[in-house]
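Per TrEMBL, the features are as follows:
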REPEAT    80-114  repeat 'PPR'
REPEAT    144-178  repeat 'PPR'
REPEAT    206-240  repeat 'PPR'
REPEAT    243-277  repeat 'PPR'
REPEAT    281-311  repeat 'PPR'
REPEAT    343-373  repeat 'PPR'
REPEAT    374-408  repeat 'PPR'
REPEAT    474-508  repeat 'PPR'
Amino acid sequence: MGHCRLFSGVGKVRYCLCTLRPSSQMLVGTFVKQALVIGNGGRLVHTSRLNDVNKKILLLIRSSRLEDARALFDRTSNRNNVTWNSMLSGYVKGREIVQARKLFDRMPQRDVVSWNTMISGYLACGRRYLEESRLLFDVMPERDFVTWNTMINGYAKNGKLDEAFGMFNKMPERNVVSWNVMITAFLQNGDVGRAVDLFEKMPKKDGVSVSALISGLIKNGELDEAFRILQKMQLEGDNDIDLVHAYNTMIAGYGLKGRVDDARALFDKMLLGDGKRLKTNLVSWNTMIMCYVKSGLIVPARDLFDQMMERDDFSWNTMISGYTSKADMQGASYLFRNMPNPDMLSWNLMISGFAQMGNLELAHDFFRRMPQKNLVSWNSIIAGCERNRDYEGAIKLFSQMQLTGMKPDRHTMSSLLSVCAELVAPHLGMQIHQLVIKIFIPDVPLNNSIITMYARCGAIIEARDIFDEMKVKEVISWNAMIGGYASHGFAEEALELFGAMRKLRVQPTYITFISVLNACAHVGLVDQAKKHFQVMVDEFNIQPRVEHFASLVDVVGRHGQVEEAMDIISRMSVEPDKAVWGALLGACRVHNCVKLARVAAEALMRLEPESSAPYVMLYNMYAERDQWDDANEVRMLMERNSIWKEPAYSMVKSNH
């Protein structure tokens, strides 16, 4: 034994294999193969050590520390395919395709995983790298199902259906994934006919195949075709195919289209059951409840909820959201109190619900009592303060939010910009704007909020600067800028911008024309106002709203055409409101038209029975014309209706 040279061991522990039984020798030999790898400069490197290195590289990549992963990769002198593929995968996931290709070209040995990783990397970078991925595919020494399916999917996602289908037909052998990928490709590109045809030809289907087809048909608006296939699959009776997920998808599809009765019929069919192929699960119940909630049918949703034998957080939160959407905070509160473990979404729903119905005190109470807050919690309470005109409260909350270290998002900034606009606080608004620039690259909605804020604060030049800098503008952007000009009396600029908007063929909305008509009213452009009103109706097919009529009555009446203003009111397609009658009364006051002033004043008295303004204005008009009998009649009417003069209004004293 002393002369035996066949030793095995790790570290200082060594075994002489000759002394061991054959079975033990085999075990130790296997251990040797696993524990010892490459000799490097007379030094043995353990597989376990390399495994640790590979794990560290993967961990660094998952933590988005790609440079650190590469540094560790470079320090590792002995690498295996796992090491190379891990680093290659890191570059691909990080969309560093050039670095990935350099590494791929340096690999001493490539396996199928290496080739597939590189091909998928090129395809993930879009259409411009399609050819590169195809070149690799063509020279690849050995392909597997993943290779073919990846290429088919890559062509399909880039809209090259013929190439995808051509590759599908060339496959030496197809698995169920290949069929599913091709069927999904047709559906994603709206080719429902070929998708269904391929599905029918599919030799072996599974639950994923059916669900993918049903989902794709629903997205293409083919609900009836989806239902036909689902029925056919059930009648064919393939017990290997689980149809539960497909049925749940179909129920959700009906719910999205508002076909709640059809959804319930399917759900009831599942309740009857069909062995393992068809029976309700928790998802089925949740989906059906969601259908009811989205359609505003809270009673049947609650009835179904109460029948549930098992509930999860989604079940409770769906019902709570249903009650909050209906402003039924009593129902929401009852469920919240009885929910076993309310999660963050539950708390946020309650905060948002109370804020929406104007109960800020309870919204704050729930916010304070939350065991843990996330960004949605802060945004909900800040937006609630903004919606309920507690602007100072919104600003204080934002300050507290910053102290906690919570970073704001675009929704936070949008609420704060609205607060600044309502407070007409340009300096604060400018600070918020600077913060937006520091944290984000402003997108279109955020830029729209900034424009609105500056415009309402009277900083028209700053608003226009942001507007002009925007590379992409939507109709809201134009409306914000035109509205800003109009509200501050810059009628010429507002109308000029509206002209530019039309030249660029941006489709205006009813809000656009409110601003345009207001601009005309500010400077008395009667003919322009009439023309734009007709353009709105005839050219853009926008039904006039009460705001449009109010502006038109205002501009026509102010110009002295009081009878025409009354004629516009009599022909209105909507019920005139206080703004319309107020515009007429104001015009009558300016042009001393007492007869129509009385009509307008009486209409305002009906609409605002507690307001003294129409009484006072009509009284003063009579007094100025020395019609004291009529004036005293108005005074007596005020006394009879218990109307007291508001401090802002004065009445000419009668000497009679």
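Easy rule for this one: first residue shown is 1, then count along the chain.
Using the three backbone atoms N, Cα and C, a Cβ is placed for every residue, glycine included.
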**Q.** Contacting positions for the repeat 'PPR' (243-277) when only residues 6+ beyond its ends and CB under 8 Å are counted
**A.** 207, 210-211, 214-215, 218, 223, 226-227, 230, 233-234, 237, 283-284, 287-288, 290-292, 294-295, 297
Q: Determine how many residues of the repeat 'PPR' (144-178) DSSP places in helix, in strand and in coil.
A: 26 helix, 0 strand, 9 coil
Q.
Could you give me three numbers for the repeat 'PPR' (374-408), the DSSP helix, strand and coil residue counts?
A. 26 helix, 0 strand, 9 coil
Q | Helix, strand and coil totals (DSSP H, G, I; E, B; other) for the repeat 'PPR' (281-311) | A | 23 helix, 0 strand, 8 coil
(Q) I'd like to know the mean pLDDT over the repeat 'PPR' (474-508). (A) 95
